[in-house]
Amino acid sequence: MHVTTIFDTVPVNGASPYEVVIGSGLTPLIAERAAGSGATQVALLHQPALAEVAADIDGALQAAGLQVLHLEVPDAESGKTLAVAGECWDKLGAAAFGRRDIIIGLGGGAATDLAGFVAAAWMRGVRVIQVPTTVLGMVDAAVGGKTGINTAAGKNLVGAFHEPDAVFIDLDRLHTLPDEEIIAGSAEIIKTGFIADEEILRLYESDASACLQREIDGSHLPELIARSVRVKGSVVSADLKESNLREILNYGHTFAHAVELREDFQWRHGNAVAVGMMFIANLSYNLGLIDADLLERHRVILDSIGLPTTYQGGVFDELYEGMTRDKKNRDGNIRFVALTAVGEVTRIEGPDRGELIRAYEAISS
């Protein structure tokens with residue numbers, strides 16, 4: 001049996017405080033938390049590739065006296081649809097799933113987003129425990145209470161704020177991930193470095209390979225995950241519903257979401273965020289907000305772990321249309337989260353279209 005080891009615990013305060021537990025061998029703690037919630041049933045939402053992991057958690061839940069209902073959903077963004085959510089609700093209804101019962105979201109960011117949305121809507125809100133299994137899910141999607149599904153109009157335009165009961169980040173799951181998943185998820189970690197924690201950037205600059213290493217000994221990844229979660233936890237504790245401060249977590253995301261829409265959600269989110277950060281860094285440089293060194297620092301760090309720094313997949317007009325749909329926009333103006341220095345965030349509102357074209361040309365040539 002794998003020994004349970006806790007690496008760090010990050011509190012997320014606010015209206016409904018919870019903890020993010022980071023460690024290894026956490027399945028017993030997941031079952032203990034669910035059993036202590038007063039639930040009689042647990043709905044375990046997961047993707048087909050995680051059937052074996054789900055079976056392990058199922059066994060622990062049943063040993064704790066809980067009935068387990070499996071909600072197997074399609075992989076990645078294809079599972080984040082109203083149709084899939086509807087199928088989940090139908091199964092909950094057939095099982096007489098009650099208000100005291102609990103949903104567990106097991107998987108990457110798409111699975112935890114969907115689990116949170118299904119939980120938020122069922123009986124106007126039941127509890128959810130998030131168990132992210134990808135780097136992206138660990139540092140971004142599973143923390144903060146944002147849930148959602150995709151529609152033809154765009155990504156995450158339908159959703160709800162629904163804070164989890166707890167988040168368990170089991171570092172053992174890193175061993176199951178392909179290299180490209182760890183690389184793509186690292187874009188969100190790097191993002192938090194630029195907006196709030198320069199030590200994250202220094203770790204990548206000191207030894208990029210250690211930042212991707214799965215084995216705990218000698219790896220920077222556990223510390224990077226913990227630091228990134230701590231940044232996000234601090235931000236969402238102060239601003240759950242994205243009224244102001246939480247917007248800083250969208251650094252690089254305005255252009256990223258346009259890319260994802262253009263690519264019909266077939267691009268990895270982290271890769272889109274990487275080119276999104278390069279886009280806003282170039283725009284900020286052209287507007288005199290940052291210097292050439294900070295612009296180059298973006299490129300060097302992203303490139304050091306194999307993240308894309310250019311994008312040639314669409315004409316500007318298509319991407320511009322995607323940016324006009326961004327949730328941060330106000331009064332018809334496209335709004336960008338930008339930097340003036342590492343850890344110093346500002347906003348760019350309604351920039352000249354010519355400047356946007358110039359920034360796009362810099363990353364598409």
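Each Cβ is built from the backbone N, Cα and C atoms, and glycine gets one as well.
Given the structure is predicted, the values throughout are model-derived calculations rather than measurements.
H269 is the residue from H162, H269 that Swiss-Prot records in the Zn(2+) site together with E188, H253. Comparing Cα positions, G109 (NAD(+) binding site) lies closest to H269 out of the binding-site residues E188, H253, H269. Here the candidates are the binding-site residues E188, H253, H269, and by Cα distance the one nearest D113 (NAD(+) binding site) turns out to be H269.
Same-chain neighbours of the Zn(2+) site beyond E188, H253, H269, judged by a C-beta within 8 angstroms of the site's C-beta center, are, in sequence order, L136, D140, A187, K191, G252, A256, G270, A272, V273, G276. In three-state terms derived from DSSP, K155 (NAD(+) binding site) belongs to an extended strand segment.
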